[in-house]
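Listed in TrEMBL for this protein:
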type	residues	note
SIGNAL	1-21	signal peptide
DOMAIN	52-177	domain 'Corticotropin-releasing factor binding protein N-terminal'
DISULFID	CYS60-CYS81	disulfide bond
DISULFID	CYS104-CYS141	disulfide bond
DISULFID	CYS183-CYS205	disulfide bond
DOMAIN	185-306	domain 'Corticotropin-releasing factor binding protein C-terminal'
DISULFID	CYS237-CYS264	disulfide bond
DISULFID	CYS277-CYS318	disulfide bond
Amino acid sequence: MPSAFQFQCHFVLIFLAASKGETRYLEVRDAGEDEPFLLLSGDLKRELSAGQIYRRSLRCIDMLSIEGQFTFTADQPQLHCATFFIGEPEELIVIDYDFVNIDCQGGDFLKVFDGWILKGEKFPSSLDHPLPTSQRYVDFCESSNTQRSVRSSQNVAMIFFRIHQPGHGFTVTVKKNANLFPCNVISQTSSGRFTMVIPHQHRNCSFSIIYPVVIKISDLILGHLNGLFLKKPSASCAGVGDFVELLGGTGLDPSKMFPLADLCHSFHGSAQMKIGCDNTVLRMVSSGKHVNRVTFEYHQLNPQETEDRKENSIEEFCFPSI
């Protein structure tokens with residue numbers, strides 16, 4: 001893949017290509033290798049009897065989409081490790097510490113982050129998350145006596161860890177709780193359909209798709225009527241309080257992405273756009289005065305559609321085609 005963002009996300013992209021509802025994981029040969037990671041698949045739910053807990057070892061760089069108990073044991077100093085957790089849009093991630101044997105005084109750490117970070121960019125962005133960035137980290141070495149369980153605010157979370165001593169490690173249990181009103185979401189798939197509802201809450205919600213996509217908005221309910229604008233310096237919905245915007249870019253953080261279009265009015269029908277960016281985000285801004293709702297569907301742009309414009313600048317490449 002051509003971009004640095006997509007290179008950083010290549011294991012994510014392979015994982016997201018798995019069929020929805022199946023339980024799959026990535027095998028990482030070595031965190032430093034540049035070659036594509038291997039996807040080892042199998043329907044684990046079929047193999048597990050009722051009530052049985054899925055267990056396996058963690059790799060230094062790993063991704064999980066299934067509940068279970070997971071153990072990391074260092075066989076050598078491991079200084080830059082992370083595990084990414086992802087659920088369905090309507091799920092929250094819960095991480096319980098079962099056993100931890102690390103040397104906090106010797107420089108080891110085990111931190112949970114509420115969201116994802118790739119190359120310094122966060123999802124959800126600081127503008128969209130209910131907590132300040134400093135409170136999104138839970139450091140086991142600082143809170144081990146008081147907090148043994150961490151719950152995410154959306155369908156993604158991750159842990160960072162550093163372990164110097166071979167034989168040291170930890171065990172965590174991962175569970176998922178229902179989220180009645182999903183706000184910030186990273187899609188597991190390159191196609192799908194989703195309805196986002198913000199019920200009288202002053203918050204911003206982003207739905208991120210790590211693919212170039214065709215996105216079609218079929219229903220939008222806001223608390224006022226204005227208009228639909230392609231983004232221009234003089235055209236913006238920022239002053240109306242409740243609106244939906246489409247963003248595109250090469251990173252993970254919606255606040256650093258290129259604004260493509262604003263939708264400022266309620267409508268029933270269809271508004272479709274092609275967005276050729278590495279990452280596409282639909283973001284709803286809500287004043288809290290109304291119940292806002294948007295329904296949309298999306299599918300990945302085919303290779304020919306993206307190849308036709310590969311030599312354009314990122315602004316031109318990502319600009320929507322209606």
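Glycine residues also receive a Cβ, built from the backbone N, Cα and C atoms like all the rest.
Because the structure is a prediction, the values reported are computed rather than measured.
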_Roughly how many Å lie between the Cα atoms of CYS264 (disulfide bond) and CYS277 (disulfide bond), rounded to a whole value?_
23
*Averaged pLDDT score, the domain 'Corticotropin-releasing factor binding protein C-terminal' (185-306)*: 84
_Give me the CA-CA distance between CYS81 (disulfide bond) and CYS277 (disulfide bond), in Å, as a whole number._
28
*Find, for the listed disulfide-bonded residues CYS141, CYS277, the residue with the lowest Cβ contact count at a 10 Å cut-off, counting only other Cβ atoms.*
CYS141
_Quick check on the domain 'Corticotropin-releasing factor binding protein N-terminal' (52-177): DSSP residue counts for helix, strand, coil, in that order please._
8 helix, 67 strand, 51 coil
*Rounded to an integer, what is the Cα-Cα distance in Å between CYS277 (disulfide bond) and CYS237 (disulfide bond)?*
22
*Using Cα coordinates, what distance in whole Å links CYS60 (disulfide bond) and CYS237 (disulfide bond)?*
44
